[in-house]
């Protein structure tokens with residue numbers, strides 16, 4: 001097989017991040033220098049982001065039977081790279097106080113980013129599985145990075161064992177699908193399913209097992225039990241990656257699979273997904289009500305957000321509107337989550353034991369860190385879906401696509417879930433403006449706005465507000481990024 005220049009250009013983000021992994025690995029072997037390795041990682045991720053412009057010029061193509069590079073792949077690759085970049089910038093000040101090996105953190109983030117890019121381009125069940133494993137394996141190490149803390153170690157063990165079990169379900173499901181359809185490619189699978197094969201018991205069993213495996217990775221109810229514990233135990237920068245890059249990449253590839261292989265045409269699959277969405281929306285929001293730990297609260301909140309996205313997945317028959325909904329919602333979710341977890345990371349830096357994740361740590365923050373409090377307030381309002389924020393645009397799209405597809409019971413769940421969510425998001429926002437305690441147990445550095453992490457948080461807040469008022473640039477970008485069949 002000869003590789004053309006066009007194909008190499010199409011694979012640029014993957015090649016650049018892969019090269020960065022090798023360079024950082026050699027740099028660590030040569031000399032341990034935290035600043036140098038952090039800089040190399042950030043430069044590599046930025047170069048991969050910039051290379052997307054050249055990929056766009058090359059046009060859509062099937063690079064290998066496993067990978068398709070098109071506008072859709074570029075959008076999700078961009079979102080994964082942005083999340084990875086933010087994770088590295090939040091990690092740098094956090095690692096300053098960390099006494100064990102610092103440099104491997106960036107290596108693991110880069111390898112996980114490789115998995116995310118592979119998922120964004122996946123066009124085959126083999127590349128889907130490889131991508132999921134490539135993003136999951138480094139996360140085992142990242143979640144347990146603060147291994148001297150009991151919670152971090154416990155979270156890593158839970159995540160490793162449950163993730164391995166979920167992967168086995170996913171792989172067994174793929175085997176059953178292959179046994180029935182004779183293909184692993186999304187497109188060929190779609191042709192097989194179009195021939196009235198969706199009623200075959202073996203195929204439905206395979207799809208059911210795949211939904212279990214993917215449901216775990218997306219932390220949908222009832223496969224969500226690991227989520228709050230892992231979000232709480234993992235270091236704040238790692239929780240950022242878990243909540244954003246990991247979820248976005250996996251949901252992106254599931255959306256492509258459902259688009260090419262019309263799995264949603266099966267009434268049984270639609271009912272199962274509908275129940276998962278309904279349970280995730282209501283359970284995620286209800287459990288978040290009682291949380292006093294911000295990372296646990298955001299963990300339960302992410303369960304409900306994936307439930308909202310599942311509504312758009314079930315409504316995929318409505319075509320372009322559904323694709324647009326997922327793109328806009330995930331962009332809003334990315335920037336809102338980066339801002340919220342970014343504030344927690346800044347408050348927890350440098351590392352000195354457990355993160356500043358107690359709600360009490362943020363009480364009265366406005367009186368000594370007003371801009372940081374304003375940023376956190378904007379992020380909470382966006383996650384709640386309040387008008388004039390990007391979160392509202394995403395929520396509006398979900399409701400519109402639900403109504404358009406006559407999914408009334410799920411649309412009702414979205415409305416009720418959003419109303420419940422409003423309470424706990426506002427509870428976090430209000431606590432920022434109460435009287436500050438006499439003695440502060442945790443606080444962000446006074447120069448936080450001049451750090452790379454501070455800049456990322458401020459840009460996220462700005463994007464959430466600007467795109468909330470004027471979302472057209474984002475909508476146009478998402479419309480350009482439709483998969484070319």
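Counting begins at 1 with the first residue displayed.
Quick reminder: no glycine exception, Cβ is built from N, Cα and C everywhere.
Per Swiss-Prot, the feature transmembrane segment maps to 35-55, 75-95, 105-125, 127-147, 159-179, 203-223, 235-255, 271-291, 297-317, 374-394, 408-427, 455-475 (among others); the stated evidence is sequence analysis.
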Please report, as numbers and ranges, the same-chain residues at least 6 past the borders of the transmembrane segment (203-223) whose CB is under 8 Å from any CB of it.
132, 136, 162-163, 165-181, 193, 197, 246-247, 250-251, 254, 263, 266, 268-269, 272-273, 276-277, 279-280, 283-284, 299, 302-303, 306-307, 310
Are the transmembrane segment (235-255) and the transmembrane segment (105-125) near each other by the rule of at least 3 C-beta pairs under 8 angstroms (pairs 6 or more apart)?
yes
What else in the chain is close to the transmembrane segment (235-255), if you only count residues 6 or more beyond its ends and a Cβ gap under 8 Å?
72, 76, 79-80, 83-84, 86-87, 90-91, 94, 109, 112-113, 115-117, 119-120, 122, 128, 131-132, 135, 139, 142-143, 145-146, 152, 214, 217-219, 295, 298-299, 302, 306, 309, 313, 316, 323, 326, 330, 333-334, 337-338, 341-342, 344-345, 348, 351, 355, 357
For the transmembrane segment (159-179), could you work out the same-chain residues 6 or more beyond its ends whose Cβ comes under 8 Å from its Cβ atoms?
125, 129, 132-133, 136, 139-140, 143, 189, 202-203, 205-214, 216-217, 223, 225-226, 230
Spell out yes or no: are there three or more C-beta pairs under 8 angstroms between the transmembrane segment (271-291) and the transmembrane segment (408-427), with each pair 6 or more apart in sequence?
yes
Other than its close neighbours in sequence, what residues sit by the transmembrane segment (297-317), given a CB gap under 8 Å and a spacing of at least six beyond its ends?
218-221, 224, 227-228, 230-232, 239, 243, 247, 251, 254-255, 258-259, 264-265, 270, 273-274, 276-285, 287-288, 291, 323, 325-326, 329-330, 333, 337, 340-341, 359, 383, 394-395, 397-398, 401-402, 404-405, 407, 410-411, 413-414, 417, 421, 424-425, 428
Should anything in the same chain at least six residues away from the transmembrane segment (127-147) have a Cβ under 8 Å from its Cβ atoms, list it; otherwise answer none.
66-67, 98, 100, 104-105, 108-109, 111-112, 114-116, 118-119, 121, 153, 155-157, 159-160, 163, 167, 170-171, 174, 217, 230, 233-235, 238, 241-242, 245-246, 249-250, 253, 257, 351
